[in-house]
Structure formats: structure tokens, C-alpha cells
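Please read the structure below before turning to the comments.
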Amino acid sequence: MELQFLGTGAGQPSKARNVSSLVLKLLDEINEVWMFDCGEGTQRQILETTIKPRKVKKIFITHMHGDHIFGLPGFLASRSFQSSEEQTDLEVYGPVGIKQYVMTSIRTSGTRLSYHVHFKEIDENSLGLVMEDDKFAVYADKLDHTIFCVGYRVVQKDLEGTLDAEALKAAGVPFGPLFGQIKNGQDVVLEDGTKIIAKDFISAPKKGKVITILGDTRKTNASVRLGLGADVLVHESTYGKGDEKIAKSHGHSTNMQAAQVARDASAKRLLLNHVSARFLGRDIGKMAADAKTIFENTHIVRDLEEVEI
């Protein structure tokens, strides 16, 4: 499981950073890639990676500002051009208006998609659980931005314990159907009368990962709720230390406020993105150092960077 950041800048592209987009790679878990936001130029960024567009099965949009959605119609169209590869349907989650925006762009440009796009629009009345399958659940909560904006909490369900095959062999269990029964939690009796207690040969379930990805926001308790105990918290850092007033007026956060959220949420790691173009080189180092005075495990991500979870 990895995060890869396709765009880490704020507002508009710069020479160092493209606008907002990242992917959560779940290839080992479910053979899928999930995208979060799709700003202008996202598909160009993908060309610099190993990401295959057909593997992108779900797209989660945080809000309707252009730097988070202007790349979406183009990405969907390019995904359709992969005619030599199997086409699979795609799900788009986002605020009310995302369906109209995408479909209007598709229709007016004469684009034809070779797959179906299923939309799940989110409003004040549909916050909470927005997606669930047998491996993952995704929750959304409203943040505090200048327009309706959400953050997402991706929860991997606990993984089943593993079967200790060597211990079973040592106990005299023949390889075959009995292994499957024991793996399913069934106690078995061998031909010689030996009773095998399944739980003695299965490790404890492994706790699933929690990944929190926030959209643009002022400092808010919703960010803490979404980030509670997260293995990774992705939080915007449009502004730096001392910029709290201007950050609030523009609906954004500083690095220090993001660090406070991570601390209050007891997150394990804080990844800062959505960085203003005015922060370069030495400024980035200071921004990270300042945030670490509040939350030590802080890192400012750069475009195309991969982070293992």
C-alpha cells in the first residue's frame, strides 16, 4: 500500500509543483488504484509514473475548485483511449455538481467513453460512510473551506490471521482439506483421536491501515475526527508559521495548524501538501522544522513522491 503524490501545489501550477492530485495504490490488496482530486495536468504527471489509468477504479473529489477538478474530464477521456486493454467501469465520489461538471465537459467536447462512470454525490445529508466493500470502508466529513469541501478517511478492514502450516505439519495434520477447515476456524479430530484446536494455529488478526486525506480547509475539529489514530494524515499547508490570519480568511491552514491537528488526532504520520508557490527550497525546510516542534513525524511531500504505508 502506497501513496503517490501527483500534484502538491496550491491554486495554480508552478515550476516545482503541479496542482492537487494523489493516488492510493492498493495493488497488492485489491489490484486497484484510487485517485484523490484531479487537478489540471494530472494525466501528464501520471506519464512520469508506473500508474496505469485502467487500474484507477475510484476517484474521490474533495471540492469543486478548479485546481482540484480541471484535470478530471481529460483523465477520463485518456483512460478511454486505452482500447487495447480491458476497460472497466469507474466510480466518482464528490460534492453535488461533480456529475454535471463531468458530463457537460464530456458532451460538449464530443468525447465518448468506452466505459461507464458511476457517480456518488455527497452533500450535508450524506456525510459519513460513502463506500464500503469487504476490504475497505471510506468515510467523508465536511471541512471548513470557502465552498463545500470534504475530507476522506479510508479504513482497511482488519486482516485475517495467517495459518501456521509448519506447526500443523508438526502436529501430524496431513496437508489437504483439513488445512482449509482449520483456516476457517473449525476444530478437527485426527484419525488417531488428536483434537486440533483451530485458534492455536492461527495468528491474531492484523489491524488494518487508516489513511486520512483532507481537502482544503481551515483548522477544524472535523479534521481531527477524520484523522483519529490514522497511520497517515495528509493535510494541506498552504501557509506557514505566522500566517494564521490570512490562512483563515482564504479558507486554508498553516503548517503549524496541520501539526496541531495531527497531534490532537494522535496520528502516526503527517504529510503536508497543497503548498503555496511562494515557499521554495530553504523555506520548505523551515516549514517542516517549524511543524516538527508540534508534531515530530512531519514531512512535506513533493510531486511524484511515493510514500509506503
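Each Cβ is built from the backbone N, Cα and C atoms, and glycine gets one as well.
Annotated features in Swiss-Prot:
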- ASP67: active site, proton acceptor (ACT_SITE)
- HIS63, HIS65, HIS145, ASP216: Zn(2+) 1 binding site (BINDING)
- ASP67, HIS68, ASP216, HIS274: Zn(2+) 2 binding site (BINDING)
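Annotated features, which come from Swiss-Prot, shown on the structure.
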| residue | record | Cβ within 10 Å |
| --- | --- | --- |
| HIS63 | Zn(2+) 1 binding site | 25 |
| HIS65 | Zn(2+) 1 binding site | 21 |
| ASP67 | active site, proton acceptor | 22 |
| HIS68 | Zn(2+) 2 binding site | 26 |
| HIS145 | Zn(2+) 1 binding site | 22 |
| ASP216 | Zn(2+) 1 binding site | 27 |
| HIS274 | Zn(2+) 2 binding site | 29 |
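In the three-state DSSP scheme, HIS65 (Zn(2+) 1 binding site) falls into the coil class. Cα to Cα, ASP216 (Zn(2+) 1 binding site) and HIS274 (Zn(2+) 2 binding site) are separated by 8 Å. What surrounds the Zn(2+) 2 site, by Cβ distance within 8 Å of the Cβ centroid and not counting ASP67, HIS68, ASP216, HIS274, is the set ALA10, GLY11, VAL19, SER20, ASP37, GLY39, THR62, HIS63, HIS65, GLY215, GLU236 from the same chain. Neighbouring residues of the recorded Zn(2+) 1 site, listed in sequence order and excluding HIS63, HIS65, HIS145, ASP216, comprise THR62, MET64, HIS68, LEU143, THR146, ILE147, CYS149, GLY215, THR217, GLY251 (Cβ within 8 Å of the Cβ centroid). Separating the Cα atoms of HIS145 (Zn(2+) 1 binding site) and HIS274 (Zn(2+) 2 binding site) is a whole-number distance of 14 Å. It is 13 Å from the Cα atom of HIS65 (Zn(2+) 1 binding site) to that of HIS274 (Zn(2+) 2 binding site). When secondary structure is read from DSSP and collapsed to three states, HIS145 (Zn(2+) 1 binding site) falls in the coil class. Geometry remark: HIS63 (Zn(2+) 1 binding site) versus HIS274 (Zn(2+) 2 binding site), CA distance 14 Å. Note: the Cα of HIS274 (Zn(2+) 2 binding site) and the Cα of the residue listed as 'active site, proton acceptor' are spaced 10 Å from each other.
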